[in-house]
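Here's the structure we're looking at; comments come further down.
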Amino acid sequence: MTECFLPPSSSPSEHRRAEHGSGLTRTPSSEEISPTKFPGLYRTGEPSPPHDVLHEPPDTVSDDDKDHGKKKGKFKKKEKRTEGYAAFQEDSSGDEAESPSKVKRSKGIHVFKKPSFSKKKEKDFKIKEKPKEEKHKEEKHKEEKHKEKKSKDLTAADVVKQWKEKKKKKKPIQEPEVPQMDAPSVKPIFGVPLVDAVERTMMYDGVRLPAVFRECVDYMEKHGMKCEGVYRVSGIKSKVDELKAAYDREESPNLEEYEPNTVASLLKQYLRDLPENLLTKELMPRFEEACGKTTEMEKVQEFQRLLRELPECNHLLLSWLIVHLDHVIAKELETKMNIQNISIVLSPTVQISNRVLYVLFTHVQELFGTVVLKQVTRPLRWSNMATMPTLPETQAGIKEEIRRQEFLLNCLHRDLQGGIKDLSKEERLWEVQRILTALKRKLREAKRQECETKIAQEIASLSKEDVSKEEMNENEEVINILLAQENEILTEQEELLAMEQFLRRQIASEKEEIDRLRAEIAEIQSRQQHGRSETEEYSSDSESESEDEEELQLILEDLQRQNEELEIKNNHLNQAVHEEREAIIELRVQLRLLQMQRAKSEQQPQEEEEPERRGGIGPPPCDGVLEVRVAKEQAKASPSKDRKETPI
């Protein structure tokens, strides 16, 4: 039995019946107006209308009637939930409205009629749901009513808020479109030809290998020789992908934070992603042919000749890889990896057959005996501005670190000039420049200390009795060094005094500006207090004013936060400017020293010509004595000597 929930008034079926011909209207049957169907239409004492002929007498109650009674109770409960609806068996079609005979025969509401076995079966299989279109219409109607209620409840302030929120949502969509057009794409390192990766990520020491390969091999040489099943056990994929993404961005992650299996998987991934075979397509068949030679000597000679024909980068990477894996095989007791295991792992990775790999591993000394795995030293970092980094102590260490930093500086300049806008690279550029300034200053101090120790040792070893002309010549060199140091110190002091005067003038102007700003702040505060006292009498507790105050408070907090960020940037810029000034002072000192040396070299030939013109009267003064006199005269004439005692 299907149930269609039909509204009591203006249903579509009634309209169709009314529109058809003969103007006949359907009279409700006795079942449709039964008191059990519509309780409340009849009084309780009145007898109910006669039932249909198909119903059985009430005294015989069968099992079917009991089941039917249960269904009737359920139907009554459902009626209470849906008031104003009637349950019909079928909607009357237009054909029924046309013929009156059909109207009389039409069975109305068969709720209490005992169905036959076939009808009961049909009723159980019919669907008791509304059509989908009617449900969709009802949902739309409910949504429209909900929107109408909301629009009625909204106030003017809510409408303004909604308009502002829509405006804010629209604005940021248009802004980020412009920088996305200019941002160049960063090329990856994995999957590119070996020569390109070498040109982009080669280390400072000039070894033509990619940085990812060098760093992975160094790490595995340190930490992977005691790991069981190395290069056979795979690392964690998420960590391998993380390292791969970092190297693709041309960063240098700290591999010490990862496990050996993860780094080994990263190295295998790089070798697997190489677009070309290490032995090249042209030479690969010839390597296979060389494996078929009869004697081992012929195999080695043919392999040596073929390896010389390989490109430089391919030959170098292959030699480093074979030597490194030979170290792994040498630690077989700890790594559990022999030649067979390494060949099984490496063959699908580098696309080289097991026969060729076996020859390479069994003749490492003959083929790659001169290869030495050079350890990479990372450049010095100065991440924390509050502390000074630990600089090398010896001159050789300082010069080596300067070479590393200058190589890194050139790479950063090349990337930034290529159009790649990266804030992290710009910050690293400033960091490298600061480190270079500190290293050069430390190198000068080390040279000065070395000269002083040399002079002290020479003075201590000298004795007054054993003074000769050869020793005097050696002392002249010491005197010249001392004079050069004195000149350098004097010129540097002059530049520092000039910088001091400039900074004092700047400080005075800044103090005046601070006083002016304080006066303005005091004046504004007094005006605000005066304005508050006037407005307190006429102030009203309106919602709009409180909202404006909240917005102003938010704007004020935002401005304060921006001001703090600008102050931090200003401090960084001031530090950088100060370092650049120090570098300029050093360059000026060097220029002045070069000018003084050039002037001395021009004066020396003139002094040598004068005694020749005089006829050789009197012996020429010693060069060392002349230099001492010239230095003393310059020291007297220089104004920096009078300023030595002035505090800086």
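Glycine residues also receive a Cβ, built from the backbone N, Cα and C atoms like all the rest.
Noted in Swiss-Prot for the protein shown:
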type	residues	note
MOD_RES	Thr2	N-acetylthreonine
COMPBIAS	24-33	compositional bias 'Polar residues'
MOD_RES	Ser29	phosphoserine
MOD_RES	Ser30	phosphoserine
MOD_RES	Ser34	phosphoserine
MOD_RES	Thr44	phosphothreonine
MOD_RES	Ser48	phosphoserine
MOD_RES	Ser62	phosphoserine
MOD_RES	Ser92	phosphoserine
MOD_RES	Ser93	phosphoserine
REGION	102-119	region 'Nuclear localization signal'
DOMAIN	192-380	domain 'Rho-GAP'
SITE	Arg232	site 'Arginine finger'
MOD_RES	Ser461	phosphoserine
MOD_RES	Ser463	phosphoserine
REGION	500-648	region 'Mediates interaction with REPS1 and REPS2'
COMPBIAS	536-552	compositional bias 'Acidic residues'
MOD_RES	Ser638	phosphoserine
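Annotation for Arg232 (site 'Arginine finger'): spatial neighbours Met337, Asn341, Val345, criterion Cβ-Cβ under 8 Å with sequence separation of six or more.
Taken together, the residues of the region 'Mediates interaction with REPS1 and REPS2' (500-648) have an average pLDDT of 72.
Neighbours of Ser461 (phosphoserine), defined as other CB atoms within 10 A of its CB across all chains, total 9.
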